[in-house]
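Undergrad: Quick one: the structure is below, and I'll ask about it shortly.
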Amino acid sequence: MSTDLKSESSHLEVVDQQPRQPDSGILGIHDPANQHGRSTWQALRANPIVIPFCLYGNIGALMYGFDNLVLSLALSMTAFEQTFGTLTNGSYVIPAYWQSLWNALSQVATMLGSTAAGPIQDMFGRRAAFLVAACLSAAGIAVVYTASTPGAFLAGKIVNGLSLGLALTTGQTYISEITSLEVRGIALSGYTFCMNLGYLIAASVALPRMSMSSDAAYKVLFASGWVWPGVILLFLPFMPESPYFLVMKGQREKAGRMLSRLGNHASETPLILADIVRTHEEEQQRNEAAKEASFLECFKGVNWRRTRIILYCNALSQVIGSSFMTNGPYFLVQAGMSSAKTGMMTEIGIAFGIASSLVTGYVMTVCGRRALVMFGIGLSTMLFTVMGIAGCFPHSSPALWVVGIFLELSWWVYGPAIGPAMAIAGEVSSVRLRAKSLAIGFTFNYFFSTVWNVVMPYLYNSDEADLGGLIGWIFAGMGAVTLLILFFELPETKGRSFEELDEMFAAGVPTRQFQRYQCEVGQGYGGKVVHDGED
């Protein structure tokens, strides 16, 4: 055992003497020394073919961003209000309960799609799950496009919501299984970039049509959503299946072929495949009490800690006000801002979100995940506090501008708060339970989102609470509580292979020691090392 590790703790105990192997990598990396020695950019230059596969995997995030903002923008269109609203005091108004139902039941459907994604992926594969998502999306958009009543529109939103849950969960699983240690974090955090890109595309399509009075104003907006299932179906034949899934199904020869399609050299493919097989067999041995992975296992023993972390990461989008931000255009109009100024503010906010996602991708490779997430939540708390203060002056034009500006500045928080969090969520689950663990995480995400999408219209609608900028106090309070929880629960996973994370969770390493803990993986010792001498 290394003398360095001995000197750092008062007691080390090797409790499993079976050799552990390095992370399988997937980018042609077998030697753990190489894994820890190459930068993200070196790994991408060595195998750029993985980039389009990662972009494809993140298409669910793009679809989700597009769909979320489309509804808020449509609500601000006169033609949409005339079709689905009721005439009240000389103007058309869409009742808050229909807005809540459209938002909330769409999120419930997304939650159900996420839950179904785990079993579908484990039974039929990642590619099959993408196929189902594309077909459901195309059908849901068709119903939305042809709808002329609020009920029919709701039915279409529900069907499309199922597809979003499938695509999002499958994408995160797929990316985590085809990328190497160096690339995995930035690839998973691409979720935020693609979501913001979806927002930008929705705004670009909708804003020029805001003043149109014909049904084409919003119908073109909804029809644009057919592009995404089309892209999935067009490129699906070229997407290799996850080697991890094929190994779990006993198709090792086919898994080797998929590794080659992912850009690995012929000489390295057998080594990488051997690592995947070994990782799978070791997890099977540790879970030999059950022949098949079950959702219940995610809530037992060491896996419960991993699941908790995934749940925290998936809750963060609502903590930083995602539902508030995507309803921003309608909120600002309700607060008294003109449609033209609202459109300008929305585009600026989305630009902030895209810029922050790009910056976060680089900073995360240097600073790690935990610090960025804490920074993002702290910044969000500060921004919403200022908004809440401005909301105390509801009849002041300068205060309204402060509310609008700080709401759009909140888009900047999305990169550092959500990007690294999604990377952590994709890394902390065990290989065997990954599809189901991520399904649980996304299910919780959309449950939390459902709650907020029900509540939000009642908070800002002029015929309801009409809180205006005072809503900022709610999110500021949530942010402060979340910061405290994350300080004690969110680990640093930067630079850690799946095997190293297995070791640290099995050893019960405290959250704040993850970054400096020295693992035994690859040194010929068992994978569980217990530190007793540190806080």
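Any Cβ shown, glycine's included, is placed from N, Cα and C.
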Undergrad: Pick from 65-86, 153-174, 307-328: which range has transmembrane segment per TrEMBL?
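TA: Here TrEMBL associates transmembrane segment with the stretch 153-174.
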Undergrad: Take the transmembrane segment (186-206) and find every residue of the same chain, 6 or more past its ends, with a Cβ under 8 Å from one of its Cβ atoms.
TA: 40, 50, 54-55, 57-59, 61-70, 73-74, 77, 171-172, 175-176, 179, 220-221, 224, 326, 343, 346-347, 350-351, 353-354, 356-358, 360-361, 364-365, 411, 414-415, 418-420, 422-423, 425-427
Undergrad: Would you kindly list the residues that approach the transmembrane segment (153-174) from elsewhere in its chain, counting only those six or more residues past its ends and only Cβ-Cβ distances under 8 Å?
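TA: Counting only partners 6 or more residues beyond its ends, the transmembrane segment (153-174) has Cβ contacts under 8 Å with 57-61, 63-64, 67, 71, 84, 98, 101-102, 105-118, 120-121, 126, 129-130, 132-137, 139-145, 147, 188, 191, 225, 229, 232, 242, 422, 425-426, 434-435, 438-439, 442-443, 446.
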Undergrad: Hey, which bits of the same chain come close to the transmembrane segment (344-364), Cβ under 8 Å, at least six residues off its ends?
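TA: 73, 185-186, 189-190, 192-193, 196-197, 199-200, 203-204, 207, 325, 328-329, 332, 337, 372, 404-405, 407-416, 419-420, 423, 494.
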